[in-house]
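> Submitted below is the structure of interest, expressed as structure tokens.
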Amino acid sequence: MIVTLGACSSSSGGDDANDKTDPITIGVSLPLTGDFSEPGKGVQQGYEAWAKIVNDSGGLLGRQVELKILDDQSNADRVVADYEQLIGKDEVDLVFGPFSTRLVVPSARVAEEYDMLFVEPAGAAKEVFEQGFKNLFYAAPAVANDHYNHLADKILAMPADQRPKTAAYAAMDDPFAQGTAYGLKEKLEAGGIKTLVDEVYPPNTTDFSGIAAKIADSKADVLVGGSQYQDGVNLIVALQQLGYQPKLAAFSTAPTNPEFASAIGNKTEGVLSPTGYSQDAQYPSNKEFVEKYTAQFGKAPEEDQANGYTTGQVVAAAVTAAGCAEQGECQKKLVDWLRANTVETVVGPLSWDETGKPKGAHMIQQWIGGDIKIVLPEDVKEAEFLYPKPAW
Amino acid sequence: MLNASRALKAGAILLLAAGILAFPSLAPNPYILSVGVLVLNYAALSTSWNFVGGFTGYISLGHGALAGLGAYGTGLLVAKGGLPPFLALFAGATLVAALAVPIGFAALRVRGASFVIVSISLVLILLLIFQSWASVTGGSRGLVVPRPFDLSRPEHHRVFYYLFAGLLALALLVWWLIDRSRFGLGLKSIREDEDKAEALGTATYAYKLIVFVVSAFFTALTGGLYALWFGDLDPVFQFSILTGSYLVLMALLGGVRQLFGPVVGAIIVGTALEYFKGAYGDTPLHLVATGLLLALVVLFMPDGVLPAVADLFKRFDRTQSSSIREVTASELRDERLKKAEGAAR
Amino acid sequence: MPSGALLFQSVLLGLLLGGLYALLASGLTLYFGIMRVVMIAHSAFLILAAYLAWWLHDQAGIDPLLSMIGTVPLFFLAGVGLQRALLTRLRPATLTMMSVLLTFAIALLIEGLLGYAFSGTQRRINLGYGSASLEVLGARVAVVKLIAFGLAVVALTTLYLLMKKTRFGWALRATIQHRDAARLLGIDTDRVAGFGFGIGLATAAVGGTALSLDTTIYPSLHWHWIGPLMAIIVVGGLGSVPGAAIAALVLGMAQSLLQIPMGTTWAQTVFYVALFATLAFRPQGFFGGRLAQRF
């Protein structure tokens with residue numbers, strides 16, 4: 001008995017597939033504490049909302065779904081041990097991805113080596129898709145480097161006398177945050193907009209006065225921040241202290257946070273941010289999601305929650321089409337189906353190339369009149385693009 | 001000479017070795033096996049740490065950085081230098097040992113306090129360098145180390161389990177040899193009273209430096225093996241101050257004067273860490289537990305559990321009491337103080 | 001080539017930063033002088049004070065500066081207690097090493113408890129005057145940074161006067177110089193050492209409040225501070241308060257200026273380069289020297 005144990009775990013699993021009344025268990029590891037705890041909790045709520053909505057409407061393949069969520073404390077060693085435990089010991093039927101690029105790559109490798117389908121809500125940096133993973137799919141409209149595509153087009157289409165001429169970039173040393181800022185940088189540089197400042201700061205930076213002094217001294221027209229949340233706020237406050245006034249300011253993630261306005265003293269007018277999700281989007285499943293999510297959690301979902309929910313939708317679509325959900329042969333069927341099909345989700349229809357990269361772009365939001373509104377692309381806009389940005 | 005405590009000791013060591021070797025076939029699933037690999041990794045690291053901590057009494061909180069250097073050295077030599085994995089492992093460890101010479105040169109010139117400061121600084125500065133120097137190290141994007149063997153994941157764990165066990169055995173053997181040598185005697189004299197050792201003609205500085213480099217070599221070797229096993233390196237986790245503190249806790253808990261002290265400590269602390277993280281998630285409470293345990297060990301059991309257990313046996317074994325024991329300077333001092341106090345009253 | 005305005009701005013920022021470093025390093029120096037203890041938990045207490053300031057502001061709207069009324073005496077008592085109840089228990093022969101581990105354990109404990117109580121989320125006090133600034137000769141200086149610097153100057157001056165002009169300061173300096181001799185002169189060195197620790201920890205309370213005014217705090221932030229601080233006390237000559245203060249200003253300024261050509265991350269390495277250089281070429285420190293034995 002002892003000798004054969006090593007080999008049997010990945011092929012057969014503990015519970016037999018023909019026992020249809022068993023719940024489908026789904027293993028997840030998320031950063032519920034540590035550096036990424038805020039977005040991690042957001043994704044967790046998205047997953048929980050998805051599980052509840054699925055179970056309330058009769059489950060998947062007639063079976064209830066059950067989430068098993070472990071906390072990885074934003075730690076790569078932990079995330080690997082977690083998926084190892086979920087797949088090897090707990091023998092879950094499916095896995096969902098964790099949060100943050102840093103954690104996605106190591107955990108995707110575990111899933112890959114156990115031949116599990118790996119749909120993830122948060123590994124947006126291009127490195128994720130360069131590892132040769134065959135089972136990985138990113139459940140969002142675009143990778144980090146493409147987030148600002150609509151904004152870059154808009155800026156470069158301006159008449160030459162209005163178009164900004166110089167830009168300053170400051171990005172957190174994180175694949176996602178840097179990806180967004182450098183995606184825009186590449187396109188603006190190609191369009192002739194000169195880079196005056198290009199700063200990278202470590203994730204734990206708390207004092208931004210030095211970086212701010214450089215940016216303020218450069219008097220660049222465009223300010224681009226590759227930020228998470230708090231670092232964006234700190235940089236803006238430090239720039240305000242120095243009296244720097246850009247004509248255009250774009251930050252990833254931070255401006256969409258509900259506490260952003262009060263954190264920078266309500267001087268938000270004109271600040272831009274890319275987003276992959278809008279509560280008002282007219283996709284069929286989105287209405288149901290916003291309604292039921294609000295009922296469950298008492299507030300409307302944000303982007304992180306939507307990403308988690310989207311992951312659930314993508315896996316559910318594959319499970320329904322393939323008609324199975326367990327370890328072993330079934331996982332290959334799920335992967336093949338996703339590779340060949342398009343899935344309708346709360347962030348729109350998603351399809352993937354062979355590396356698991358989604359084929360889309362993000363919308364651009366802007367703070368206008370004390371509220372954040374979609375301004376780009378033209379066909380879904382809620383307000384006019386505001387340029388130049390009023391003083392903060 | 002046959003005596004009970006010696007037989008007990010030999011039996012315990014045999015049992016430990018047999019247990020370690022049999023573990024992979026007893027592990028019920030690959031996850032438990034991967035925990036076993038992790039514990040052996042800790043055991044090898046804390047045994048490597050004990051070359052400095054145990055012999056000289058210098059406590060380094062920076063060995064996590066040496067392991068991280070070994071991991072990155074090996075990883076970079078494989079991923080960017082194209083060397084075969086196990087050649088890269090030894091080349092990487094040799095490089096780290098060479099680097100340990102100037103580090104030790106600065107750190108060991110001054111007694112105690114500065115050594116600890118340097119050891120902590122080493123972790124912090126290497127974290128900065130490996131994060132910032134992204135063109136070489138990959139920075140926050142991490143470094144992916146190619147797998148040395150094309151195996152399924154459970155098989156991969158099994159192979160590396162035995163590799164780690166082999167490395168641990170090698171480190172233990174070298175420690176044992178030094179312990180019995182004149183060199184070891186010189187080192188221990190530094191631990192007991194550095195000034196007197198120097199006055200008696202021991203080349204204390206050279207001794208400290210040599211053993212520091214040996215320790216760095218084994219630490220880097222373990223770190224490099226970890227890189228080959230784990231596959232993904234990230235500066236934040238490789239150069240973490242916590243790694244060093246775990247090693248110190250393990251070695252102190254097990255007993256720094258004992259050959260198997262760090263191993264026992266690693267088995268206790270490593271298993272407990274893994275268990276608590278698995279059962280309660282990785283909440284900040286495990287920091288609290290680590291902190292408390294470290295404080296308790298430092299305050300009440302600075303010699304470790306193994307000596308405490310040995311003391312317990314000695315109570316039953318009267319024949320031992322008259323033989324010559326190894327007594328530390330601080331114990332002698334405590335004893336004398338007690339006697340002096342008794343006399344005063 | 002950076003413009004003159006940027007250079008001047010950086011010099012000002014460096015001076016403000018250096019002031020805070022000087023205050024914090026003075027506490028570390030004091031512990032080392034009294035007991036040859038490297039107090040790793042110093043910056044953890046710093047973050048604890050900052051959290052208390054944030055928490056009081058968040059819960060009751062109390063201005064962070066007022067929180068010092070509570071935190072300074074509290075930290076003083078904690079310092080006395082720490083010295084009397086824990087550090088004196090360690091064996092004298094291994095005190096330096098074991099005290100490092102003990103204070104390290106305390107740092108972990110504080111970090112873990114902060115994480116448990118307030119989660120790992122980054123926190124920042126939203127002050128009405130948070131983004132206000134003054135113009136000084138063409139450069140702009142944030143009001144909050146000036147307040148923080150002012151706090152550091154006041155605390156350091158108080159410490160200086162306490163050490164130089166009072167009977168207690170005399171006893172403390174005697175204890176630092178030669179403990180046994182001080183005891184022979186009738187100084188209750190145990191008590192003095194305890195009070196010295198209390199004062200050291202009280203500087204952490206002041207520093208933490210200053211810190212909370214202008215930066216984000218999170219539980220593991222203390223590692224970010226302890227490295228530079230330890231480098232400062234070694235460069236300044238272990239045990240010398242003026243040495244530490246000079247080293248703090250010089251290195252703070254160097255960090256701020258190096259940010260212009262090197263960027264934030266590389267600029268931080270200046271502390272460690274200075275530390276290694278000091279140990280390799282002048283282990284007694286650059287500013288302490290013979291004075292290291294005196295105040």
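For all residues, glycine too, the Cβ spot is worked out from N, Cα and C.
Keep in mind that what you see is a predicted model, and the values were worked out from it rather than measured.
Reproduced below are the annotations present in TrEMBL:
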type     : residues  : note
TRANSMEM : B:59-79   : transmembrane segment
TRANSMEM : B:85-108  : transmembrane segment
TRANSMEM : B:115-134 : transmembrane segment
TRANSMEM : B:159-178 : transmembrane segment
TRANSMEM : B:209-229 : transmembrane segment
TRANSMEM : B:235-252 : transmembrane segment
TRANSMEM : B:259-276 : transmembrane segment
TRANSMEM : B:288-313 : transmembrane segment
> I need to check the long-range neighbours of the transmembrane segment (B:115-134): which residues 6 or more away from its ends have a CB within less than 8 Å of a CB in the stretch?
58-66, 68-69, 72, 103, 106-108, 140-141, 235-236, 238-241, 244
> Using a Cβ-Cβ cut-off of under 8 Å, list the residues of the same chain that are 6+ residues beyond the ends of the transmembrane segment (B:85-108) and lie near it.
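Same-chain residues near the transmembrane segment (B:85-108) but 6 or more away: 58, 66, 69-70, 73-74, 76-78, 114-115, 118-119, 122, 146, 148, 205, 208-209, 212-221, 223-225, 228.
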> Using a Cβ cut-off of under 8 Å, list the residues of the same chain at least 6 residues beyond the transmembrane segment (B:235-252) that approach it.
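Contacts of the transmembrane segment (B:235-252) (Cβ under 8 Å, skipping residues fewer than 6 from its ends): 42-43, 45-46, 49-50, 53-54, 59-65, 67-68, 71-72, 119-120, 123-124, 126-127, 130-131, 137, 139-140, 223, 261-262, 265-266, 268-270, 273, 290, 293-294, 297-298, 301-302, 304.
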> Do the transmembrane segment (B:159-178) and the transmembrane segment (B:288-313) come close, with at least three CB pairs under 8 A (pairs 6 or more apart in sequence)?
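The transmembrane segment (B:288-313) and the transmembrane segment (B:159-178): touching, no.
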> Are there residues at least 6 beyond the ends of the transmembrane segment (B:259-276) whose Cβ is under 8 Å from a Cβ of it, and what are they?
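Hits for the transmembrane segment (B:259-276): 13, 16, 35, 38-40, 42-43, 45-47, 49-50, 54, 168, 172, 175-176, 179, 246-247, 249-253, 286, 289-290, 293, 304-306.
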